[in-house]
Every structure is written in C-alpha cells, then in structure tokens.
Amino acid sequence: MSVKAYDINSDYVLIAWKPPNIVNQAPIIGYFVDRCEAGSDTWVQCNDSPVNVCKYPVHGLKVGHTYHFRVRAVNSAGISRPSRKSDKVTALDTAESEKLQGTEEGVPSAPGHVVATRNSKSSVFVQWEASKHPKNLMGYYIDGRVVGAKDWFPCNHKPFKQNRFVVHGLVPGESYVFRVQAVNVFGLSEESQESTPISVEPALATPSAPYGITMLNCDGSSITLAWKSPKHCGGSKINAYYIDKRDVDSLVWKEVNQEAVTERICTVDSLIEGTFYEFKVQAANMAGVGLPSVPSLPMKCVAWTMEEPGPAYDLSFSEVRSHSLVFLWKAPVYYGKSAITGYYVDMAKKGSSEFETLNQEPVSHRYLQVTGLEEGQSYVFRVRAVNSVGVGKPSEVSDPVCAKALPGTKEIVASVDEETGDIYLSLEACEISETSKFVWSKNYKPIGECPRVSVTAKGRTSRLTFTNPDKDDLGRYSVVVTNTDGVSASHTLTDDALNTMLELSYSIRNPIIPLKHNLNYEVLEKGHVRFWVQAVKLSPSVSYRFIVNDKEVTSGEGHKISHNVAAGIIEMTVDNFTRASEGTYTVQIHDGKAKTQSSLVLVGDVFKAALKEAEFQRKEYIRKQGPHFSEYLYFTVTEHCTVMLACKVANVKKETSFHWFKEDEEIVPEDPPNVLSGACALPLPLFSRKDQGIYKAVLADDRGKDTSVFDISGQVFDDIINAITHIAGASASELVLQCTPEGIRLQCYMSYYTEEMKTIWKHKESKIASSEKMRIGGTAEMAWMQICDPSDKEKGHYSIEISDGVTTHTRTFDPLWTSIH
C-alpha cells in the first residue's frame, strides 16, 4: 500500500493509498489510518472505525509540525501489519499554502556539501551548502546515523531555516554521519551526500591549570612535589607537565624542567636549605601548553626527620554510585623510621571539618570500598599512613565527590563467549573520548601485560579475556576509562561463579548434540531389528558411525543405515538378527563442532528377550505368507449360554480347508466352517465338565498350514463356567415352591444350569449342605432344593446365591405353610 498525502492544510491532510494484493485471504472490509510526529515512535490511530475507501481526511494536526502516516487493512481474520510510513508531511498555514501553490511547482534541489565538526562531548556542529534551487524553501531536515548502523534518526522535527545546526544528545565517543534534505510545500528534496564520519568529542583546547600542589618529601636540598590533574583536559590526552620555581624573596620564575614530566610528581633539586620556595605547574596536550597553576604556598626546604610516614598523595575515586564508591591513593614518598604497615581513611561531608575514620583497623592495601553514602551528598576524604612508630601526617584533602552515578552507567559483565568458550569480563562505557583508554586492574593494581589475560577494546566496549582461568584468577577486577567523567566499574570473580563459567566454557568448546532418545531398538516384521537414536536437531551436514562390538558397521548386505534430518533420527536395520548379534551397539555422531555418542548393551537376558522376539516375528512373517489365524482360538458365551470356540482367519482362499479336533479326534459340526467369511466358530451347547479337553483348529492349503490349540481345563474351564454363570444368574427367576410326594421343592428357573456353577442354598442365612433331609440338584433349565418330610424346624427364609466370581445373584423365598404333609 503506497501511502501519500494530498491537499495539505494547517490542520488537515488528505491521505490516500493503494489497496493490497490479496489472493487467498478474506476480502478487505476497511482500513485504519495512523499518524506520528516525525522523530517520534508513538503512533496514534486517526479513525475509530474502519473506512471502506482508500482515502481519509486526517484532522487535528498542529501548524508547522511534521508527520508520517501509515495504513492497516482489516478483514474477517483481523488487522494486517502496518504499511510503510509515508514521506514527511508538514501541516502548513492556509495562506502560506495558497501563496506557494501559485508558484512554479517542484521540490527544492538537494543541499550541498555537509561538514560536521566537534562541539562538545555530546553534540556536533553540522553545516551544509544551501540548495541552489530553493523554490520557496521552508527549511531543512537533518538526519544522523551511527557509523555501522542501518537506521537514520531525525535531528529536528520542524524545518530549520538556517544552514548550520547543533545536534545534541549524542553518545560521547560514538561516531556519526549526517545528511540534509530541503523541504517546501511540494515535498522533500533528494538527500545530500553524507558527511565524513566524526567522533563525538569536545572541541580541542589547551588544558586548564593543574592545582593542589603539595610537598611529599624534603631532604634539605630537594623537594618532591605532587599536584592534581587539570579539571579540563581540553579534549585530548595530557602528555606533559612543566614546573617553575622561585624563592619567596624573588619575583623571577625559573624553569625546573625543559623536558616534559609525564607523571604528576617531580623532585626539584639544587635547592638551598632553609629557603622558602613557591612552585607552579602547567599542563600540555596536542593543542599546546595550558595556563599555569596558582603558585603553591611557600615551602621551606628543611630535611624531614620525623619517624612517622609522610602524606599519601594522588587521591582518586572509582566506581562512584548513589550509595558507594571506591577511594584510592598512592603511598607516601617519605616512609619515616620504618616501612608502612597500613592506612586510615577519614571522611567528612563537603563543607564540614568533622572527619570520621572509616576503618577501625589499618588497611594494608591502598584502596577502600566506602558504602552507606547519601545519594546526591558530596564528601571529601583524606588518608593517614601508619608505620611501627605511629600515624603519619594526613594527606591533602581530596576534591569533593558527589554520591551519584553517571547517567547510563553500566557494570562489568562476567560471561562466556558463545562461539569460542572464552571466559571474559566486559564493560560497555556510558561515555568515551577519542583519547580514552580502558585500564584494567586486579585488586586495584594495574594488570598491564600479563600472560593470564588479554585485553581488547572495540568502540565503547572493552573485554578482559582469561587465558586458562583457575583459582589464581579469583579476585576483584576493576576498569577505569580515562579521559571521561569517571567511567569505572568493578566485579569480584568468586570460586562458585568461575566454576559455573568453566562448565559452560567446556560445553561450548566441547559441544554435545542433545538427544531426545538414546540408542534404542525395536523388532520389526520378518524379525528385522531396528536400532535408532533421535537428536533434538540435526543439520544436513551430519555424519555418524555405527559400531558393533568395537567394529564399524557400514550400510550394505544385511545392514541398512540411514538418517532423517527433519525428524533428527539416525537408524540401522539388521536383517538377520541371530545369536551372533549379541553385544554392544554404539552410534557416534558429529554435527559441525558438536558431537555425541550413545550405546546400547544387548547381552544376557536382555539379548535373549530381543532374540526371542525377533525369531517370533520371523516365524510370524513366514506363517502369514499362507493361510493363518489372525486371531487364535478363544471362547465366547451366547445369551442362551452356549459356549462358542471362535477364531479369525486371514489370507485364505476357496480351496483352504478348516478342521476341528478334540483330543486329536476330528469334530464335524452341523454347519461346515466358511473360511471366506474370515471367522469360524464351534458351538459347545449345554457346556459342562464333559467338555473339558484340548481343542484344535487346523487351516491349510497348498501355501501352508496353521494350527491353533485351545486347552479347556483348569482356569480356562473356570472362566467359561463363570461366563455362563454371569448370563444364567442374571436370567434366574425368583424361587418357586413346588409340592412333591417327598415333601416340598424350591425351584429357580434360569437360561441354563449345570452343577459346575457356583451356587449356594441358605436357610435363615445358614448355608445348606446336600443331605437326606435336604437334597440339592438341578436340570438344564433350573436349580432346585428338595425338603423331605418338612417340619416346623424347616420354616423360615430361604435363598439361593449364584456367583460368577465377580457378581452374586440372589433369589429368595419365605414359605408360610402351617401344616406339614
């Protein structure tokens, strides 16, 4: 859908588009139009309900503001993805629009050469040649892009009438290119050529003055000085310091050094003992030598003889956050009577002279993690060195430091390279300059050249990679980005974290192909055995080997080896699985850098079971080549309690014979078997113990013979009786009283009765055993109990229980005779 704007007014634009090409989709039922201001990512839907034509007037625009538009189609399945956004459209005042409409139509020519120059640490100054054919020019749009990125971002949201513009909000240290377009009522010009890439840095200048000159030592003929770096380096690295001196009785300053001093410490020799001297320092960078510092306080050249240490110096801060920081310093030049054993650190709020000592015991290292700070509060620090004699002279008070992290501050990340498996620490600086360097330290001692690690930097990110990490690499690592406003961070590498990363590193360097299923087997028809393994994923370049009992097996006679990339399956089929097939089966898989292997041990009982199954399937396959039983003999019981021996047959033809046998004597049923029907049955009516025995069905023709044997005895006989009882018991009538010459008889009629059925007669809940007095029996149609010569003793409740092993059917009778006959 090509989206364009027409009839542009101060608060109204007509948007039109082409319908999408649809083939198999449901018909379009309407469209939604969205707008967003240029430079914004926020889209606003313009119409509440879909419009069914390919144009829509958008109202409510702001005069002079620039917009993009897009369209989304709607059908019964839902709303489509949005179209590409339109070109920029500026809402114009009606009068100006009418004035411009009367001029010669056409967009302006493209602006000329674009030049970007350094301005500040987060802005760039962009200039360009004006369009040679302005054609009622409204102004210019400036776009920027990070070098190496694809997308451009707008630098201004309204046409800018001049041909120079300051682009703000850029990332310090990042490199950008810029382009410019001219705009009038008819649209945008072609884009200008891109500017030359420029890194965002402050404009070059000479450094500001050093400050804080302090005495570190004096031996009576020389004084060792230290000073603080300039607060502004001028946009390039400070590469030299120059010191001047004078005695306080002279107005003439003399150079101390003609060759540059690169460190912020210097010993001034050839001094006169007892004389007071003043000093001043200048810093230099690529732009030149900066202003001199304010002269130091007068310093008397008298040899230090105190037994306590002199002052520490070069106080600095790292990892400044909202509630913590790391305070660092350098050891005194003057040790006193003995070696320094530790340090005390004092802290005070800015503007206060009330210092508190942060550590109860001296620390032996030259840094201290300070916590519990108030966010936004400024603090000052000082250090006192300790030797065996006592506590020495305090250092100069540090510059104030505010407990607040730099915007965009990030911490060191400890991770493992997904490609190489290297364990590394990484920091992405929130700002950087052209002259910045990443200085890594371990326990706040610069690492420098070290075979245990390597340091690389790319853009705003530096990485410290461990060579062969082990417990010797545990500790606190920190990094400082020079020539920034204090970009720094630290990370403590612990034993647990290192072990976790070592495991991950090993898995990357020695990748394992994940398996859904390890090597397994299944027996196929014909007795073939399939060995298979399934990976989570395989590539088309996968390679593999099958090894059986330490010998590689290749695809060929007796073995078929293949794989399916889509399913992740690798398989080998063994055609002739025999006793010689016992052993260990292994598959080794390589896929790119990853590999794995899986083994299956087929020995002992496990192998015997597999071989038995294979031989069975082989025989089954052979059996099924001729006429065969698809279901071997089984029994069923009809609703009339007739037992049926049944079977199902397959692969038969007209000439196929079928014979029944009991104990090897043929049974000729009234209805000859019809093998072509697929099923044969032998009825056993009035089933009883006489029907026990071994039954056999034989199926044969010129292609082969199959036999099914069914032994009706033991549990099978009991199961048949229970099945008969289940049907017969459900059909049983209530007990009926019948008078006989011997007395009275209770009778229970049912569909079939045989004495093998489990029946129990009861009198007043007591079980009745068959006797001369009470005889129990039955016929095929009923079960009965005869009471001979009944007396009052035989009066009461009678019942019969017919059980099929699961369900018991009970029938009852309560005789009310009053006289006995």
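Keep in mind that glycine also has a Cβ here, set from the backbone N, Cα and C atoms.
According to TrEMBL:
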- 1-94: domain 'Fibronectin type-III' (DOMAIN)
- 80-113: region 'Disordered' (REGION)
- 84-102: compositional bias 'Basic and acidic residues' (COMPBIAS)
- 110-203: domain 'Fibronectin type-III' (DOMAIN)
- 206-308: domain 'Fibronectin type-III' (DOMAIN)
- 311-408: domain 'Fibronectin type-III' (DOMAIN)
- 627-713: domain 'Ig-like' (DOMAIN)
Checklist entry - Tally of helix, strand and coil residues over the domain 'Fibronectin type-III' (1-94) according to DSSP? => result 1 helix, 38 strand, 55 coil
Checklist outcome for this item: On the domain 'Fibronectin type-III' (1-94), the mean of the pLDDT values is 84
Item to check | Residue counts (helix, strand, coil, in that order) that DSSP gives for the domain 'Fibronectin type-III' (206-308) | outcome: 0 helix, 43 strand, 60 coil
Checklist entry - By DSSP, what is the split of the domain 'Fibronectin type-III' (311-408) into helix, strand and coil residues? => result 0 helix, 41 strand, 57 coil
